[in-house]
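What follows is a set of notes on a single structure, which appears directly below.
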Amino acid sequence: MLTMVGLTPAEDRSEIAFFDVETTIPFRVGQGYAILEFGSILVCPKKLVELKNYSVLVRPANLNLITPRSVKCNGIKREDVESALTFADIADTVYDILHGRIWAGHNILKFDCPRIREAFAEIGRDPPEPKGTIDSLALLTQRFGRRAGDMKMATLATYFGLGNQTHRSLDDVRMNFEVLKYCATVLFLESSLPDELIENSVTTTTPETSSRRRRTIKKSPLQSPTDQQTGENMTTIPILSFVSSAEAQTDPFDMSTLRNEIAPEVLQSDVPMEEEQNQQSETVASEGTGDQEGFMELDKISVSSIRATHVPLYDGSQTMKLQLFLGDRPLQLHCPRLKVRFGINGKFMDKAGRRRLNFVIDLYPSLCNVLQECDSAAQTISVDSGSGSDWNPLVIPMKGFLNCPTARIHIPTELNGDIDRYAAEIHQKEFSGATATQKLISSNPKAEEIESLLNPRTVLDAFLSLEPYDYQQRAGIRLVARKLVIH
């Protein structure tokens, strides 16, 4: 069996396993990823030093999955892996490195962890399981803020002067470890400084950034209850305060063991962090959506008529955007009687310092079918047009909650003259005998007003636009509320 450099037979598995996989890039809908390289280092959580390392190229079952797009991404060519070991050959070593340890990496919950589980499933073996996870993308987005830009590993490395990202597993793992140490050091220093020094030394997006950052350091949903109560663990082993429980993270989409109050935090971490900043289609003239013309009833939609195509961003533009149609009509949905699963989550800010508002709703079967067909149509066109971005599914599986799928609805911001506002109209449904009417509550609601209305279990009618995006290697469809009618 392959051995890890420095591996000893007797170990307490207290080390943190930083790992990364390099893969092929799917070029058609339904195609999976194939692992081309696995790299890992084991880190002492007390001294933050690398103890052991392992890196290996992997030969996929189908070498034709290695395309020019994947070579451009990671530099791994067909000839590099033709004589390499298969994943089945290295599975014992990978299992021994990962199982029962804390896993760490950048965006591992959405990418690397699923790839490991898929690879073990393909060879008919149970996958390794972590005792905790540290996803530096979600962690640093929450704690370090947007001062380093888009929070991609290459951007963070540039911010700290660590050189260029090679997109090779062992190099990326070591870079991830260094970035995490740098960020942790900055946050530790900031937690000890007066507010006015932090305000003078850190570029902020809102006046609340400093105090919010200090509150986050003191108490975070990623921090264990013991840390929050006593601070003892954070004093002895600071990096362990970053660990999320394995119970909550075994499956990045399995929320069955989470408490309802922390579930919105987990769901929020899946949001592409700035895609709406580059979707110019969101900034439109102020118009009322009080009439329902153009929004289609679900029972009148034939999923076979849903299509996606590229259209000009605006009349006369040479820039193209992806748009969904039902036949020849732009697809917009009228969705009655939606139930709110998780209320407004507005902890992230856009570049203008405004809270980004979204909430999660349960999907009934007819709506779920329409959204899945939209996802499939848009992803097909995206892949066919040469996009190598990771696709974020529109429908979110929610195992453990009667297996009811969910989706996230975004509240847009729009420019009306010189005034920024939240653009979804909010109405209240009122009944007089057998007659139902809609009373306009606000056409430019404040964040606090929206937050107070959209509580869990609230029932509402939603008038939604579907807005595909492809930004910073993340692509998908956003459901955007144009009008909400509260029951």
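A Cβ is built for glycine as well, from the same backbone N, Cα and C atoms used for every other residue.
From the candidate list D172, D299, D315, the residue Swiss-Prot records in the Mg(2+) 1 site shared with D20, E22 is D172. All chains included, 28 other C-beta atoms sit within 10 angstroms of the C-beta of D20 (Mg(2+) 1 binding site). You'll find the Cα of E22 (Mg(2+) 1 binding site) roughly 7 Å from the Cα of H167 (active site, proton donor/acceptor).
Along the domain 'Exonuclease' (18-179), the predicted structure has mean pLDDT 91. Counting every protein chain shown, the number of other Cβ atoms lying within 10 Å of the Cβ of D172 (Mg(2+) 1 binding site) is 25. H167 (active site, proton donor/acceptor) and D20 (Mg(2+) 1 binding site) are 9 Å apart (CA-CA, integer value).
The secondary structure of D172 (Mg(2+) 1 binding site), as reduced to three states from DSSP, is helical.
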